[in-house]
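S.K.: Pasting the feature list from Swiss-Prot:
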type	residues	note
SITE	K40	site 'Transition state stabilizer'
BINDING	G75, G76, R97, N202	substrate binding site
SITE	K262	site 'Transition state stabilizer'
Amino acid sequence: MPDTDKGAKPQDDSRLERARILSEALPFMQRYDKRTVVVKYGGHAMGDEELGAEFARDIVLLKQAGLNPIVVHGGGPQIGAMLNRLGIKSEFSGGLRITDKATVEIVEMVLAGSINKQIVAQLNQAGGRAVGLCGKDGNLVVARKVHQKVHDPESNIEKLLDLGFVGEPEKINPEILDVIQKSDIIPVIAPVGVSRDGHTYNINADTVAGAIAAAMGAARLLLLTDVTGVLGKDGKLIEALTVAEAKALMKDGTISGGMIPKLETCIESVEGGVEAVVILDGRVRHAVLLELFTELGAGTLIQK
């Protein structure tokens, strides 16, 4: 019998596996083609140099694949470190940093002047074209002051606590993002906003990401965290929730602590027009790609 395969190279299983993965990603790329995906970047992923470089490459890949990624970043630990270096004591209430005039200036410096530019540089180094913004640029995030309700045990009544220059989005003006996206540039946004009377406000990054995702009609909002996602009473990951189910879990006490404001952001975003939100484990390598381009996912998906 003649050797018809003479000279043929044996198949490399690892190369075939890579080809299969790329092929399986095609329908997901088609689903998100020219769609906006907002990624809130923070936590361990942002503090780890290797994960940070991988994150930048993944975001550039999204852009090359036809998606329109928008990155919104946090920076709480870096702000705390700078305040400590300057001898300024940090105070918190309900997870929010009480922010006086001196503190908000440092917050803006760290978020918009340091962290933002580092992320932009990483994206550009990975072969992308990125530009850094904060909510003050183009009046992107118009902010209003936040007052926090606290229970006074002596009078047994709720009082309003003045958090200083801590705000929340009142309005998003997305025109500047439309212009940037049409130029094939990746916007990187620091969560600093400006009030109608010109004051600068420190805003929670999850909240800013959610408001921008709703204003842009995003297909997905991804919140990178340092946890696996939303956990049930048995401690196991809940892979998917409807808005109604998420509200029920908060009401019955299954969800507590820092996960509550994240779920509230998810709910508001979905009700505001975002197709789905994912609380994503940012410690997982290539978590963004796994979530968008495979059936695997890496967290909890919330949708209507």
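Glycine is no exception: its Cβ is also placed from the backbone N, Cα and C atoms.
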S.K.: Applying the rule Cβ within 8 Å of the centroid of the Cβ atoms of G75, G76, R97, N202, what extra residues of the same chain belong around the substrate site?
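M.R.: What remains near the Cβ centre is G74, I79, G80, V107, L111.
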S.K.: Which residue among the recorded positions K40, R97, K262 has the fewest other Cβ atoms within 10 Å of its Cβ, if you could check?
M.R.: R97
S.K.: Where among the binding-site residues G75, G76 do you find the Cβ with the fewest other Cβ atoms within 10 Å?
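M.R.: Selected from the binding-site residues G75, G76 on minimum Cβ neighbours within 10 Å: G76.
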S.K.: Name the residues of the same chain, 6+ apart in sequence, whose Cβ is under 8 Å from the Cβ of N202 (substrate binding site)?
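M.R.: Same-chain residues close to N202 (substrate binding site) (Cβ under 8 Å, separated by 6 or more) are R97, T99, T103, V104, V107, E108, F165, V166, G167, P191, V192.
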S.K.: Between G75 (substrate binding site) and K40 (site 'Transition state stabilizer'), what is the CA-CA distance rounded to a whole number of Å?
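M.R.: G75 (substrate binding site) to K40 (site 'Transition state stabilizer'), Cα-Cα distance: 11 Å.
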S.K.: Can you tell me the three-state DSSP label for N202 (substrate binding site)?
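M.R.: Assignment for N202 (substrate binding site) reads strand.
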S.K.: I need the CA-to-CA distance for K262 (site 'Transition state stabilizer') versus K40 (site 'Transition state stabilizer'), whole Å please.
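M.R.: Checking the Cα atoms of K262 (site 'Transition state stabilizer') and K40 (site 'Transition state stabilizer') gives a distance of 11 Å.
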S.K.: Measuring Cα to Cα, how far is G76 (substrate binding site) from K40 (site 'Transition state stabilizer') in Å?
M.R.: 13
S.K.: Checking the spread of the substrate site as listed (G75, G76, R97, N202): what is the longest Cα-Cα distance, in whole Å?
M.R.: 12
S.K.: Specify the secondary structure state of K40 (site 'Transition state stabilizer') as given by DSSP, simplified to three classes.
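M.R.: Strand, per DSSP.
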